[in-house]
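What Swiss-Prot says about this protein:
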- Phe159, Gly160, Arg161, Ile162, Ser181, Arg182, Thr183, Val240, Ala241, Arg242, His289, Ile290, Gly291: NADP(+) binding site (BINDING)
- Arg242: active site (ACT_SITE)
- Glu271: active site (ACT_SITE)
- His289: active site, proton donor (ACT_SITE)
Amino acid sequence: MSKPRVFITREIPEVGIEMLEKEFEVEVWEDEREIPREILLEKVKDVDALVTMLSERIDREVFERAPRLRIVANYAVGYDNIDVEEATKRGIYVTNTPGVLTDATADLAFALLLATARHLVKGDKFTRSGEWKKRGVAWHPKWFLGYDVYGKTIGIIGFGRIGQAIAKRARGFDMRILYYSRTRKPEVEKELNAEFKPLDELLRESDFVVLAVPLNKETYHMINEERLKMMKRTAILINVARGKVIDTKALIKALKEGWIAGAGLDVYEEEPYYNEELFSLDNVVLTPHIGSATFGAREGMAKLVAENLIAFKRGEVPPTLVNREVLKVRKPGFQ
């Protein structure tokens with residue numbers, strides 16, 4: 001009996017590919033750039049499984065071109081790039097990679113927070129460019145004055161795995177921890193000494209606001225002009241969630257006009273992204289969507305992708321199935 005075919009839309013760590021090759025016929029798109037839409041639509045015609053990145057839109061058009069497709073494994077914790085409702089109707093399983101990238105993303109959130117608060121990027125440029133040497137001044141009491149982090153108030157919007165991991169790091173800085181999520185989490189509140197606050201109250205009280213929510217209809221442009229104006233003028237906004245959670249035009253206005261002190265961004269409304277108006281500001285720290293970019297996290301994601309596909313092939317429910325309603329439509333397996 002021939003092996004089921006899986007197409008992977010980008011090179012993932014070898015550990016995941018090696019696991020899959022034992023059970024599947026594997027094809028990988030090896031170009032650094034994302035796969036062109038027309039090629040993706042051609043590749044899916046005869047595949048049984050698909051491994052996708054956030055950059056690929058997996059929608060009805062893709063499903064219609066893929067009559068054999070039974071499972072889509074997203075190489076990410078988020079899955080807003082996939083039409084999950086349409087997949088479920090067609091009996092197509094959708095999985096993601098939660099858990100394995102939690103700590104890496106939380107680490108980056110704090111890296112952005114510290115870098116923004118303490119002007120690390122500006123200081124690096126000042127030193128590296130030779131400007132420090134040109135000034136001929138070893139130290140000045142008013143250079144690069146930033147904001148204290150220790151003992152301040154952090155407001156975390158979204159209190160799932162990543163939000164809670166950020167809170168754990170905040171405890172090390174003896175911060176007051178506020179959080180907002182759709183549901184209160186009394187046990188976690190007790191464990192992390194965290195306080196639940198309505199969103200607008202959290203924004204008004206926090207020195208640092210960190211976004212860790214999934215993108216959906218409720219969170220799209222959650223941080224808009226009205227809410228940015230609620231924040232302290234000394235507050236710093238960090239986004240490791242999804243770019244579209246923030247209204248970018250409103251954020252630029254806030255940074256320019258001093259409604260808030262600064263921002264640290266890892267995600268953007270469109271990716272890859274360039275915005276001269278935003279990028280010219282010196283009170284924003286920018287990274288190119290690298291929240292999960294550690295060796296350990298990316299290998300863990302690759303393993304979890306493989307584990308999901310292998311479990312499905314064996315007729316088992318994948319460990320991180322997103323659309324559990326699909327179990328009513330089709331049993332797991334390539335039968």
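Backbone N, Cα and C atoms are what each Cβ position is placed from, and that goes for glycine too.
Feature map: annotations from Swiss-Prot on the structure.
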residue : record               : DSSP class
Phe159  : NADP(+) binding site : coil
Ser181  : NADP(+) binding site : coil
Ala241  : NADP(+) binding site : coil
Glu271  : active site          : coil
His289  : NADP(+) binding site : coil
Residues Phe159, Gly160, Arg161, Ile162, Ser181, Arg182, Thr183, Val240, Ala241, Arg242, His289, Ile290, Gly291 [recorded NADP(+) binders]: greatest CA to CA distance in Å: 28
Cβ packing number for His289 (NADP(+) binding site), 10 Å threshold: 18
Rounded inter-Cα distance in Å - Thr183 (NADP(+) binding site), Arg242 (active site): 20
Spatial separation of Phe159 (NADP(+) binding site) from Glu271 (active site) - C-alpha basis, Å: 25
Which listed residue (Ser181, Thr183) has most other Cβ within 10 Å, given these are binding-site residues: Ser181
Lowest local Cβ density among Arg161, Arg242, which the record lists as recorded positions, within 10 Å: Arg161
C-beta crowding around Ala241 (NADP(+) binding site), within 10 angstroms: 27
Distance [Cα-Cα, Å, rounded] between Arg242 (active site) and His289 (NADP(+) binding site): 9
Same-chain residues at least 6 apart in sequence whose Cβ lies under 8 Å from Gly291 (NADP(+) binding site): Leu101, Ala104, Thr105, Leu108, Ala109, Val240, Asp266, Val267
The one of Phe159, Glu271 whose CB sees the fewest other CB atoms within 10 Å, among these recorded positions: Glu271
